[in-house]
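Only one structure is covered here, and it is reproduced in the block below.
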Amino acid sequence: MPDLIEKNAPAQAVASAEPKPEKPRSLGLDAWHDLRKRPVFIISAALIVLLIAFAIAPSLFTSVDPRAGDLRLHYLTKPNYLHFFQADWFGYDGQGRSIYARMIYGARASVVVGICVTAGVTVLGGLAGMIAGYYGGWVDTIISRVTDMFFGIPLLLGALVVLNAFTTRTVWSVVFALVALGWTQMTRVMRGSVITVKQADYVTAARALGAGTARIMFKHILPNAIAPVIVVATIALGGYIATEATLSFLGIGLQDPTISWGIDINSAQKVIRTAPFALFFPAGMLSVTVLAFIMLGDAVRDALDPKLR
Amino acid sequence: MAEPILEVRDLVKHYPLTQGILFKKQVGAVKAVDGVSFTLDKGETLGIVGESGCGKSTLAKVLMNLERATAGQVLYKGEDISRLSGPALKAVRRNIQMVFQDPYTSLNPRMTVGDIIGEPFEIHPEVAPKGDRRRAVQDLLDVVGLNPEYINRYPHQFSGGQRQRIGIARGLALKPEIIICDEPVSALDVSVQAQVINLLEKLQTEFELSYMFIAHDLSIVRHISDRVGVMYLGKLVEIGTDAEIYDHATHPYTQALLSAVPVPDPTGREGRERIILSGDIPSPANPPSGCRFRTRCWKAEERCSTEVPLLAVPEVLSGGARHDSACHFAAEREVAAAS
């Protein structure tokens, strides 16, 4: 057989003679380039950025105090849709507070709950799933059965029970309740993903080199197993926001004086026939927010799924 | 004869078959490797051939200590490494490395080529001082015939053959003495196979490597190997130099394997005799008694089902056929050999 390595040399010379080799792209960077071109991603990301801006600095968008009520204004003062960004743009609620201002200020509770719950379940559930998937055997059996038990608790019923234990409920008690009940979903996704990645040859190769458990887990398995968890987490984020609003609506989530769309929806539903706008704006905002996160999750999944590339 | 660098004695790997969910009860075992013995000399290439599921890859994993041996010994320079763990095992890993079958799954897609080839140095910092690592990685890329400037690229930017070169560079990084190649070319195109095989041969002379070369392509094994072992259902059935195995095969299974090698010459192919085995390879969980090949062997007699044939030089043989063969009725037979 002729020495074919020698024949390879000219090809390399050509490759290195290229004007300026393109900056190497990691898979993550590839996904980002792909994502940037998707309209769904652009729209949902813009909405989410706006929402986060509401949450961080609501006073930039309205100078009205959302807690200051003037009972004379009440529901009967109709909204003036031409008064852009003014207190009466979307009218006033039952206590004469500006609906527009409350819509802006309500974003904070939703965003904090959404992000904190997602971070909590991803860390907690991800860790549990990683340990279960990596070690297998009886460790896996115990973690999986505990997961099954928690999975069997209906979210709303469970949250009702947990939140009733708190005398004063803040954003953090809602976060606690949702993390305590929601981590199982991430555990299952992570466990399945880790089991798949664990069998890859590059993990075996790392073991053959003498790599320790920590290196294998965090340099080889985690970066390759995290993608489905990110996707599920992004989609679930919208769900957590909706759940917070549901709990607040039912009166077991956030309480006044915390401003939440759920509370506002609850107080507005009694006057739906006389003042439908009082219900429409917080509910619409909630729907748009949930939709934005779900669309973002969808776009991220499409970008990260290697089978579509 | 050169000194043996790796000696395998009666190596056994059984995977237990269990029943029950909570209280597991062993009901049997898959006998993936069942009593394999051979030696690997310094600087030589030992080819291991056999059909799918005969235990070749399991043998490689047990030798690499990726799977614990059920019984038997693996002696590296006289020291049994099959029971080692912790730092002692890590030290041995420096000397025995592996090249994997599938270049598409054996490289971490989230790491750059520099990180992949540099990882051995991070795990064994004593091999290359921190400042020299980039240099060392680029040298390795150069050695395996890749452009050292590719250091920051990711695996998905390379072709299959290039990826396999990266895998080889990673195996070479620790300057091992033994490299176990588990079907290193079977996932590649034929033209690329030749390049990788030539590279492996070049590296062998350059670094005085000993190879254990596992494959199912008989022509490639003959090309690269000094000695060849044939496996069937977890056991070595015949072992000898490549001329002994390819030209003077005495075990019926080896003869059947050789007769199945495609012959590129259409005129010769009509006339040659093909041995067609009936039936499938039996389950390794329940192998036949006595000789494992007897269920498919045309020479099988009463004795084959009661007495396990040992891997030794059969007394009846002479001349070119005097090498180890595990058959009661070992004899040469005229077959068109692979060339």
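Count begins at 1; order follows the chain as displayed.
Here the Cβ of each residue, glycine as well, is placed from N, Cα and C on the backbone.
In TrEMBL, annotation is done automatically, which means it is predicted and not curated.
The following features are taken from TrEMBL:
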type: DOMAIN; residues: A:107-297; note: domain 'ABC transmembrane type-1'
type: REGION; residues: A:1-25; note: region 'Disordered'
type: TRANSMEM; residues: A:40-62; note: transmembrane segment
type: TRANSMEM; residues: A:111-135; note: transmembrane segment
type: TRANSMEM; residues: A:155-181; note: transmembrane segment
type: TRANSMEM; residues: A:221-242; note: transmembrane segment
type: TRANSMEM; residues: A:277-300; note: transmembrane segment
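Here the transmembrane segment (A:155-181) has Cβ contacts under 8 Å with residues 109, 112-113, 116-117, 120-121, 124, 240, 243-244, 246-247, 250, 252-255, 258 of the same chain, all six or more residues outside its ends. For the transmembrane segment (A:111-135), the residues of the chain that approach it from at least six positions outside its boundaries are 51-52, 54-55, 143-144, 147, 171, 174-175, 178-179, 182-195, 198, 213, 217, 221-222, 225-226, 229, 233-234, 236-238, 240-241, 244, 293, judged by C-beta separation under 8 angstroms.
Using a Cβ-Cβ cut-off under 8 Å and counting only residues 6 or more beyond its ends in the same chain, the transmembrane segment (A:221-242) has close neighbours at 110-111, 113-115, 117-118, 121-122, 126, 129-130, 133-134, 178, 182, 185-186, 189-190, 192-194, 196-198, 200, 203, 286, 289-294, 296-298, 300-301, 304.
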